[in-house]
Amino acid sequence: MGAAGFLWLLPPLLLAAASYSGAATDQRAGSPASGPPLQPREPLSYSRLQRKSLAVDFVVPSLFRVYARDLLLPQPRSPSEPEAGGLEARGSLALDCEPLLRLLGPLPGISWADGASSPSPEAGPTLSRVLKGGSVRKLRRAKQLVLELGEETILEGCIGPPEEVAAVGILQFNLSELFSWWILHGEGRLRIRLMPEKKASEVGREGRLSSAIRASQPRLLFQIFGTGHSSMESPSETPSPPGTFMWNLTWTMKDSFPFLSHRSRYGLECSFDFPCELEYSPPLHNHGNQSWSWRHVPSEEASRMNLLDGPEAEHSQEMPRGSFLLLNTSADSKHTILSPWMRSSSDHCTLAVSVHRHLQPSGRYVAQLLPHNEAGREILLVPTPGKHGWTVLQGRVGRPANPFRVALEYISSGNRSLSAVDFFALKNCSEGTSPGSKMALQSSFTCWNGTVLQLGQACDFHQDCAQGEDEGQLCSKLPAGFYCNFENGFCGWTQSPLSPHMPRWQVRTLRDAHSQGHQGRALLLSTTDILASEGATVTSATFPAPMKNSPCELRMSWLIRGVLRGNVSLVLVENKTGKEQSRTVWHVATDEGLSLWQHTVLSLLDVTDRFWLQIVTWWGPGSRATVGFDNISISLDCYLTISGEEKMSLNSVPKSRNLFEKNPNKESKSWANISGPTPIFDPTVHWLFTTCGASGPHGPTQAQCNNAYQNSNLSVVVGSEGPLKGVQIWKVPATDTYSISGYGAAGGKGGKNTMMRSHGVSVLGIFNLEKGDTLYILVGQQGEDACPRANQLIQKVCVGENNVIEEEIRVNRSVHEWAGGGGGGGGATYVFKMKDGVPVPLIIAAGGGGRAYGAKTETFHPERLESNSSVLGLNGNSGAAGGGGGWNDNTSLLWAGKSLLEGAAGGHSCPQAMKKWGWETRGGFGGGGGGCSSGGGGGGYIGGNAASNNDPEMDGEDGVSFISPLGILYTPALKVMEGHGEVNIKHYLNCSHCEVDECHMDPESHKVICFCDHGTVLADDGVSCIVSPTPEPHLPLSLILSVVTSALVAALVLAFSGIMIVYRRKHQELQAMQMELQSPEYKLSKLRTSTIMTDYNPNYCFAGKTSSISDLKEVPRKNITLIRGLGHGAFGEVYEGQVSGMPNDPSPLQVAVKTLPEVCSEQDELDFLMEALIISKFNHQNIVRCIGVSLQALPRFILLELMAGGDLKSFLRETRPRPNQPTSLAMLDLLHVARDIACGCQYLEENHFIHRDIAARNCLLTCPGAGRIAKIGDFGMARDIYRASYYRKGGCAMLPVKWMPPEAFMEGIFTSKTDTWSFGVLLWEIFSLGYMPYPSKSNQEVLEFVTSGGRMDPPKNCPGPVYRIMTQCWQHQPEDRPNFAIILERIEYCTQDPDVINTALPIEYGPVVEEEEKVPMRPKDPEGMPPLLVSPQPAKHEEASAAPQPAALTAPGPSVKKPPGAGAGAGAGAGAGPVPRGAADRGHVNMAFSQPNPPPELHKGPGSRNKPTSLWNPTYGSWFTEKPAKKTHPPPGAEPQARAGAAEGGWTGPGAGPRRAEAALLLEPSALSATMKEVPLFRLRHFPCGNVNYGYQQQGLPLEATAAPGDTMLKSKNKVTQPGP
């Protein structure tokens, strides 16, 4: 078949390709320019799954930023410094335009179909167009920068705007601002994601765009350069070099070889629309019609060939844009398509190739799988029928362990053959998270003349730039050790501490050496004058960890001159987490040096942590050499370059000897270049040394060991005399690294504790041993047990039938006569060498101490380990029992264990035990101490101590273990042995490369296989562990939905039912509780368990100490009996009760029980508990004593001492002298009551406690008769300040205004002087016999009265000295008020003054007590019930003229006769200063005592006016009595004068006009300023705690009742004109 045959087959081929490309694959789409309708939009979920895998991610590690900043960038310049000489950072993202424009199809004026690589490459450098990249703000917010590339961006970047259509070769995004910010100020890594634009996505569009992006070779370009250098944007500029050269570095990040292909779960996909990553054999040609190679045939070219039949319209519809891979050959050959390197993590990885099936008879297709470093295998291809003559060949690739490539071969039949391939793909080759591309960060250094060098060529002591700017000044600024020529000293290299006679490394000039251009100073070591074998080590500075996969190199020059009978090694020590690993990276051993400087470059691979270098030199006698090093440098590639390639094959395992862990302080000899082959050892071979069947204090014999080892690989020589008697001598079979495990012997058991013994210690170390080395091994033997014994007497002690030892202990508290019963100490295991006839210890595993006769079961003796051979190996201290033997000590005691140099024999039993009953418990061979009643000490490097006194409970101590500095401790010392000791020697298998540091060697393949923890399996790399994949069962979606729906419905039904049941139950309980609480009698027997919590204020304390709930004395409820009710308190009912079962009081104690209702708020519970805490902390005869509390059951109780006399106020009112009722009270009784309260206040003052409410209502009496004692009994106002919630209180607070000083209610200041003021008011209450202070004044009026300087007049018949105490307590300044010690002293003076105590009490003519007490009580809920206030009613005019005006009220001016004692009080009050206006008409006016004979008409009248109407707040309120009286006709003009006088005084009395009933009684500036114009401004202040109500008056409720405007009794007060101040 000729060329005509090919043309005949081409039209149906292209027609079929047109159909298949739209139906069989999802990677083809119609061209918008050609007219076909758009394909359906891609589903959103499908797009989301693929978008991440379609992106190209550039991730620059954060370490790059850190290293670039530390190595290259100077410190940030201040704004004032010049810009010249500084460094700048720039960045860009570049893509080739050719693959991107191919995706868009034919464009007007631009032709890419001819295969041109770029437009006009001969015109000069490749042109580029720069687009704006992302912003720093976006990067900082999203932690990454996403650049979306679509058709519009491609047209803008590669073609330009419509007015200037000019194709360029490179599309760039400017990232300079972003990179500059990140390198200077950023944190974390820099992530830039380039992905297809999502706008108007069509089926397959994003996949094609992603492939085009990858084919355009996206690369990230960074540059750091000095000002004036050429940059990425202007590489052609070559300025003149300045005096000081700066860095000019460029980085390119792009996908690295061999893993170039797209990583996603769809693998590689190539439809030949644009260049793919496939390789072709023979090479691909796009020009001409070669008959021997593959060729692209675009659809446009087929259209121009006019090969299709039919109308023109059909051509455009059936031939979409795109290309096909065609092959036309007549040769008998193979043509291959080769995929890039791939990886597969899925068993479903499949190869899919679309070919034309009509061409199949002319040739055949064969697929090959080519794994890395493995033989290839054929992939079976199975055809799948397609449309229009096309078929898809599919073959299973699977999951190869190594990277692989796939080759598709077309084998022609010899005749003219035609092959057409439309689609080549590797699908479903990854599961889970995509592994991502391997990005390489390539670095370069630009010279001033434009020469570009690799970064590794800079700072390598070799001048590559014409002017030498790649060396010298720039490199010398690197950190210490990076660039070292030793011209300025050691460059951070240090030497290990050496003795004075040891040779030292020196920095000096070496003369008479063939320098070959080398001049200057170097690091030198001379061995000429050293006769013995020695070594010297010098250590470099510490270097940071290199970047992962960086081409890190070490460059150095070295020289050996003279004869060196030894070797020189360069060791790299890596600082791993918790340990150090070292490996030899360079080694040389020679007899005679060449005296030439030699340059060496070493690759530093697999360094993942901080590291340092060590130069280790060893030489023997006869060495006369000089060793030198110079020009040592670490390549900058270590920290500024990422190769992106794996440095180790995935199936290779690290050599254990290369990862051997060494002690950095150890000067060990390198064994890398020892002559002779390295032996391949059998990992199952080991040498186990035992006691050879010997036991007791002496070691084995040669015959015993011959019998014990006759069937093993061991051959030992046993010492027969001297210190080596019983020591096994063994020759090392081969030079290698060995692990030596030493196990000390256990101690003997005691007579009474036969369950546990003290275990021997295990020590495992790693040592380098040479073939023929002699090891001396002493295996420790177990100490003898005390029981069982053949001696019948001793056996009876063992079984407990004989207690003679216990009897002696009971009588004498020690054991002497019947000594014995303690176990012997265990022997230590010694492994040592001989050096010049002197033993040198390698490993010593200590023996366990012997248990004592009566040893305790649980004892713990920590393991002790020594590694310093300069510590003396002494024997343990001996007492009655023997101490353990050490390394090189002497002893003369028979029962003490011997040291190794004395033969290490075990000690005998103590002499008394042998003499009394022959109880022998000897120590084990290896220095175990003999036992007595106490245990013997264990052997070791330092022997264990025995008890100094024969304590039958004191065990012997374990010995101290030892490991030589020549070895490495592999495991810590552990107590594990329960019998005789052992020594196990085997080849060391290093497992430090494994993730869990555990491994084993396969006996057949001799490969190291790592172990993994439970639940994990070994990964393919043979090192790391991964979670074993467990197939998750997939249930049907319908079943899952039905189960979830059913569960949800059931949960809702159960929840609703539960809520209804709980609600109904709670409702019933609440109803029952309400009925119970509303019942007349409360069932006190109903008790339930409960707890209460509170928090006290840490700023306050009681009596100088803090308080807590635990300080309260809890009284069991069963000991409390309630007798009768006493009344209602602040919280609940108060009962009289009895408490039985009190300590030191057999009779029941009478108490008062304060209760807290079960149903109460949390605030009430906290207040109740705080009051109990306060009262319980006081201990004074004048403060009510707290007997205890009962808080564990409901209702909660506070038990106080029973005060049968009641409260003081009620007592005074009930015992007032009346005309028909004389009283037994005298003035002295009132003074005694005042003295008692002052004593209690003094106690509170001394303990820094502020009561805040000293009033008669809060004081209680022990009894009403003679001998009464007054006590302070209520701390209600003190609760808040001593609770943490005091500072959180807001809103309305209740304050006892009439007992408070001005600074308290004006500024909220409470001190002990506050209680002094309150005590003065209390005195007024006592000597007025229970009257309310400030009679007839409301709280608001009291505020105005006190702040204006007014004070109360003395009560009737009040002695002058007593009133003087009151006035002193009422001083305006707190510091002028006396303390309670002075008050108590003055009261004592009053009790001794005859004029005071003989003063008669006034006779009461007012209403009886029963009438006064008929006042409304405080409701439980103050807000639930309006206060019972009496509204003022206008008096009838006819009643105004009925009653005459009382004489006492007609002339209250200066002409009025003052009551007795008033003169003294007035004098005291006048001494304080002039009375302000407004205080004169109400100051010192006492309405209660100005009416000695009240007219009986006051109690007559219709309705409610024939009895006084009073408002009394039992806690903080005030008395107000509205007493109707018959009015008399005042003299003409009297009333106007009174009103004028009141107005002139600035105060309107009750008769001046009614107040508004709805006004709130609050202290507001407007209220005071309106009524007190002459008061200074400093007195008009806000309260710091918000609104404050006085006397339970809430905002919006009426004030206290005031008199009617027509009340003559009150009007008469206003008729008198007071003189002005």
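Backbone N, Cα and C atoms are what each Cβ position is placed from, and that goes for glycine too.
Per Swiss-Prot, the features are as follows:
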type	residues	note
COMPBIAS	1414-1423	compositional bias 'Basic and acidic residues'
DOMAIN	441-477	domain 'LDL-receptor class A'
CARBOHYD	N174	N-linked glycosylation site
CARBOHYD	N248	N-linked glycosylation site
CARBOHYD	N289	N-linked glycosylation site
CARBOHYD	N415	N-linked glycosylation site
CARBOHYD	N428	N-linked glycosylation site
CARBOHYD	N449	N-linked glycosylation site
CARBOHYD	N567	N-linked glycosylation site
CARBOHYD	N575	N-linked glycosylation site
CARBOHYD	N631	N-linked glycosylation site
CARBOHYD	N673	N-linked glycosylation site
CARBOHYD	N713	N-linked glycosylation site
CARBOHYD	N868	N-linked glycosylation site
TRANSMEM	1043-1063	transmembrane segment
Among N449, N713, N868, which are recorded as glycosylation sites, the nearest neighbour of N567 (N-linked glycosylation site) by Cα: N868
C-beta crowding around N174 (N-linked glycosylation site), within 10 angstroms: 17
Protein Cβ atoms within 10 Å of N575 (N-linked glycosylation site), excluding its own: 15
Distance, N449 (N-linked glycosylation site) to N868 (N-linked glycosylation site) (CA atoms, angstrom): 61
Neighbouring C-beta atoms (10 Å sphere around the C-beta of N713 (N-linked glycosylation site)): 10
Around the Cβ of N868 (N-linked glycosylation site), the count of other Cβ atoms that are within 10 Å: 7
Cα-nearest neighbour of N428 (N-linked glycosylation site) within the listed glycosylation sites, N248, N449, N713: N248
Within the predicted model, mean pLDDT of the domain 'LDL-receptor class A' (441-477): 84
N174 (N-linked glycosylation site) versus glycosylation sites N248, N449, N575, N631, N713 - nearest by Cα: N248
Residue among glycosylation sites N248, N575, N631, N713 with Cα closest to the Cα of N449 (N-linked glycosylation site): N248
Distance check against N631 (N-linked glycosylation site) for the glycosylation sites N248, N575, N713, keeping those with Cα within 10 Å: none
C-alpha spacing of N248 (N-linked glycosylation site) relative to N713 (N-linked glycosylation site), in angstrom: 67
Structural state census, the domain 'LDL-receptor class A' (441-477) (DSSP three-state): 7 helix, 9 strand, 21 coil
Fewest other C-beta atoms within 10 angstroms, as judged across N428, N449, N567, which are the glycosylation sites: N449
Rounded distance in angstrom between the Cα atoms of N575 (N-linked glycosylation site) and N248 (N-linked glycosylation site): 33
Cβ-Cβ neighbours of N248 (N-linked glycosylation site) (radius 10 Å): 22
N631 (N-linked glycosylation site), number of other Cβ atoms within 10 Å: 20
Secondary structure of N868 (N-linked glycosylation site) (DSSP, helix/strand/coil): coil
